[in-house]
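Written out below as structure tokens is the structure these notes cover.
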Amino acid sequence: MSTTTAKPRMTKLQRREAIAGYLFISPWIVGFLVFTLGAMVYSLVISFSHYQLATDTARPAGFSNYQALVEDPKVMTALANTLYYAVLAVPLEVLLALGLALLLNSQRRGAGLFRTIFYLPKMTPVVATASVFLLLLNGSQGAINRGLAAIGIDGPQWLLDPAWIKPSIVLMTLWGVAGTMVIFLAALQNVPTDLYEAASLDGAGAFRRFWNVTLPMISPAIFFNVLVLTIAAFQIFDQAFLLFHRDTVQGSSDASLFYAIYLFQQAFRQFNFGFAAAMAWLLFLIILVISLIQMRVGNRFVYYESEEAR
Amino acid sequence: MSSPVQPGQIQEAHVVAPEPAEPVERADASPRRRRRRPGPALSPLGRVGEAVRWVLLLGCSALFLYPFAWLLAASFKPRGEVFDNRLIPQTWQPENYVQVFDELPLVAWLGNSLLIAVLAAALVTVSSSLVAFGFAYFRFPGRKVLFGVVLATMMLPGAVTLVPQFLIWNQLGFVGTHVPLWGANLFGSAFYIFLQRQFFLSLPKELFEAARIDGLSAWGQFWRIAFPLSVPSFVIVFLFEFQASWNNLQGALIYLNAGSPEAYTVPLGIASAMTKYSPTSGGHGDYQYVMVAALIVTLPMLILFAFGQRSFIEGLATSGRKG
């Protein structure tokens, strides 16, 4: 990889350096122009047209895809389901992950082994998880309801009762919560011990130490996890698809119709690309707004150590 | 031309470099950092706390491990007993592990998934590190802005580019082939570029200055110095992408679903087998084959984790640090 002859303006050396730099990042530039920026522009164009896959032609549609979006009650259903799922899943994931991380962080013996055990579900491919949970969650024979019956609880029809469909997906998601846990664990281990010692000398109990030392110190990790988990929750697809939407014949209830599922159905089952592209842009806007709100709120509560360069 | 890197420097670089790793590695190692409860260590309250912690840890472990035990047991059961929730099969039927290969084109699926995952992971590792090296060590107009764009694309929801990417691959004539499942990895991926750049920046700058003075070309600096020193972060990127590709259900659904089952990847294959065999969705009930297949698709990941646990956890801890 040789750099060619130089011209004035920058020094010869600077110019060679710049050319080398551009050459190194050129794969990303090409990919960005085609698969990100190009794709986004393309998507915007498609959302304003009626696209025919068979003939690869598009005729202008004006705002009709967006109008159809607003008028389709299923879009609202999907949006409501997704929002409900996110509101249910994200706090539970954060709480469980933080709880497990705190347990591991205060454990002397076997912490590494426990961490490994908690992490195994995260390594399990989602198809395998779903194929097992499909049976564990079975209302009449499933192990979860058998277990609940053993302690005197009459378990619900997880996969059939519309009210329990979202909790059953949350349960599956919680099983793989270790990714979030590991991020908390790293944050907890970065809290300087002298802060705890100082707090103890000031007479702070365990709870006060957690509330006034641990929580502020790990607030960047909490913020990061909430942000990332929310974005992921809004795009929930695999679990819902595997449990409820594998085949088109099976008339699954509207309660499991999540936004990404409906988008997928519109695009790749109905070949309604214009509508699907419009749906994607609506989702983009919603995620953007929610992320911005979270960042504003986050800025008020998150404590960043100023001297630590990021 | 010999590499200007001295062995001693490499050693040092290794110690300095994986800075993100440090805190996590302490997870199980350092008793010094563990002084969380000052004062009398074995007060009655402390002892109760310790017991409660053990109970919670063991209880959670049991809950987290139960589905694995359930899956393992179910994979050895005959047709009528798959759903009986026994952790030790009443009737052992190890033949499942042979018959599954007659029932499902599992070998083809595993081959497809393996090929795609290796290609996807290798390509994204190399391309991302090239790009990261460009951002880390060269000054050029627009560098900061472009790197800002890299970071911004990390926040872009995948759903937004799903449809147009399909249409692009369709126009290139690759729908129905495996190419769309690894093709975009030729161009690097934002998170991995970020991760690799962090790693490159942690390498001592003097190495590269010395090499430049010795007349090593930009490519030589990458290939002879940065590349050999970045093996730890390569492993992280490779493993992450391998796992993501191995898990990729949506991509397979979009690009392979209409084709012949022989061309499926394992996730798509098992999804179709779930429908075929699950009695609750109208299948004919030999669900033990799904269980065997699920176990077989999981095993490579567990083995990967056994060898690369450190890398997985370091990589995740780093992702948390960018927030």
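Cβ atoms here come from the backbone N, Cα and C positions, even for glycine.
Residues or ranges marked as domain 'ABC transmembrane type-1' in TrEMBL: B:110-308. Taken from TrEMBL, the feature region 'Disordered' applies to B:1-40. Per TrEMBL, the feature transmembrane segment maps to B:54-76, B:114-138, B:145-168, B:174-195, B:222-240, B:287-307.
By the Cβ criterion (under 8 Å, sequence separation of 6 or more), the transmembrane segment (B:114-138) is not in contact with the transmembrane segment (B:287-307), since fewer than 3 such pairs are found. Looking at which of B:54-76, B:145-168, B:174-195, B:222-240 has the most CB pairs under 8 Å to the transmembrane segment (B:287-307), the answer is the stretch B:54-76. Using a cut-off of 8 Å between Cβ atoms, the transmembrane segment (B:145-168) and the transmembrane segment (B:54-76) share fewer than three residue pairs, counting only pairs 6 or more apart in sequence. Same-chain residues lying 6 or more positions outside the transmembrane segment (B:174-195) and placing a CB less than 8 Å from one of its CB atoms are 112, 115-116, 119-121, 123-125, 127-132, 135, 150-151, 153-154, 165-166, 233, 236-237, 240-241, 245, 248, 251-252, 254-256, 258-259, 263, 265, 315, 318-319, 322.
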